[in-house]
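A.B. asks: Once you've had a glance at the structure underneath, I'll fire off some questions.
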């Protein structure tokens with residue numbers, strides 16, 4: 001990342017007392033990327049969370065999601081390198097624009113039920129999502145100081161999932177009186193497209209990482225740009241990095257359960273307006289889960305390794321209990337004997353149990369993913385390195401999701417899907433324990449050890465005299 005392999009470029013000190021709300025602060029920049037994801041992936045999550053993309057038949061949505069996560073698995077891995085070459089504005093804006101196309105394809109499908117456009121839009125979105133999430137992950141994990149990474153992960157996750165909450169309210173209100181309807185109306189898709197377009201515009205306000213200065217006066221990176229050859233070599237090295245290989249099962253499982261939860265719990269058990277309401281609470285639960293686990297990972301103990309072990313224990317305990325509750329619920333219905341659709345107003349006590357379960361699924365998702373992000377963040381501090389690490393994580397995650405959506409499209413028994421989801425998440429916990437034991441240190445400078453794993457060959461610009469006031473020079 002710099003001539004001579006200077007790993008300490010990310011810790012260059014600058015003068016003057018920081019302002020928490022200055023534009024080039026981690027707080028403002030992470031909040032901005034949170035708002036971008038509020039508008040784009042947040043609305044996408046609300047759309048997908050209704051089951052079948054808001055359609056009565058989930059086949060088109062399943063096939064589109066397979067195409068999406070197939071291309072996502074490729075561009076998730078490549079996204080970190082692309083982000084390092086082109087910077088955040090071009091990368092994020094290009095990624096965000098593909099979300100608008102995807103929502104528009106379902107608007108088209110409402111009038112022309114041909115899967116072709118939806119599937120193509122899904123594949124294009126996979127490219128864009130890979131770019132967006134690699135950049136987002138680099139910002140979220142590298143901008144905070146070592147002791148506040150869990151807090152900033154929670155900050156991002158809360159803003160991002162507020163998009164799912166608002167996005168869930170859109171179909172709930174716009175389809176409230178359509179108690180017998182199975183597909184959402186045109187206004188729902190138009191509303192999603194408006195939010196996504198706003199996110200694409202907002203992404204242009206993001207600063208490059210070389211201009212962001214942490215609250216302790218250190219830079220997130222001194223690298224202004226990278227080269228294609230450098231990024232290609234560094235991406236290939238990721239597949240030989242034993243630390244990242246330990247994260248593979250967690251990455252694979254972290255989106256694998258979405259097809260089951262969205263289509264076969266929310267989509268099968270509830271009517272249209274109740275699915276919208278459930279999405280509101282599912283993504284609200286994500287906010288609560290990320291805040292809770294973020295607090296444990298940053299503040300529970302002085303030792304960072306101890307906090308890592310505690311975080312794994314908490315998530316494993318919650319995961320076992322929630323998937324156990326899911327098993328009890330799943331034994332009540334199957335594909336051959338689907339449940340009667342539940343309505344939040346008319347189903348009475350029958351609604352309560354499945355509703356609480358779906359809420360808990362959202363809680364577990366955010367806790368699990370926040371934990372994995374914290375593990376990745378503990379491996380390095382530099383934005384350029386972490387963009388590749390997060391890209392690798394998102395690539396593996398998307399490969400798992402692509403398989404999962406086809407598993408559901410091929411009508412695999414629901415009980416088998418649940419058992420597979422539970423097993424995959426459970427396998428990941430002992431491997432994360434090994435990662436904490438051997439790769440995560442208590443010393444705040446331990447990230448430099450991780451950064452030594454990366455060949456650094458980019459060009460370092462001359463250091464700025466005052467990092468806090470860099471915005472005045474150039475944005």
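Residue numbering: from 1, along the chain as shown.
For all residues, glycine too, the Cβ spot is worked out from N, Cα and C.
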A.B. asks: Out of 2-19, 92-109, which range is noted as transmembrane segment by TrEMBL?
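C.D. replies: My reading of TrEMBL: the transmembrane segment range is 92-109.
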A.B. asks: If I count Cβ-Cβ pairs under 8 A between the transmembrane segment (188-207) and each of 27-47, 67-85, 115-134, 351-377, which range comes out on top?
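C.D. replies: Ranking 27-47, 67-85, 115-134, 351-377 by Cβ pairs under 8 Å to the transmembrane segment (188-207) puts 27-47 first.
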A.B. asks: Find the member of 27-47, 67-85, 92-109, 280-297, 309-331 that has more C-beta pairs under 8 Å to the transmembrane segment (351-377) than any other listed stretch.
C.D. replies: 280-297
A.B. asks: Test of understanding: applying the rule of at least three C-beta pairs under 8 Å (pairs 6 or more apart in sequence), is the transmembrane segment (419-440) touching the transmembrane segment (67-85)?
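C.D. replies: They do not touch: fewer than three Cβ pairs between the two stretches lie under 8 Å.
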A.B. asks: Relative to the transmembrane segment (280-297), which of 27-47, 115-134, 419-440 accounts for the most Cβ pairs at distances under 8 Å?
C.D. replies: 27-47
A.B. asks: May I ask whether the transmembrane segment (155-176) has at least three C-beta pairs under 8 Å with the transmembrane segment (27-47), counting pairs 6 or more apart in sequence?
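C.D. replies: Judged by the Cβ rule, the two regions touch, with the required three close pairs present.
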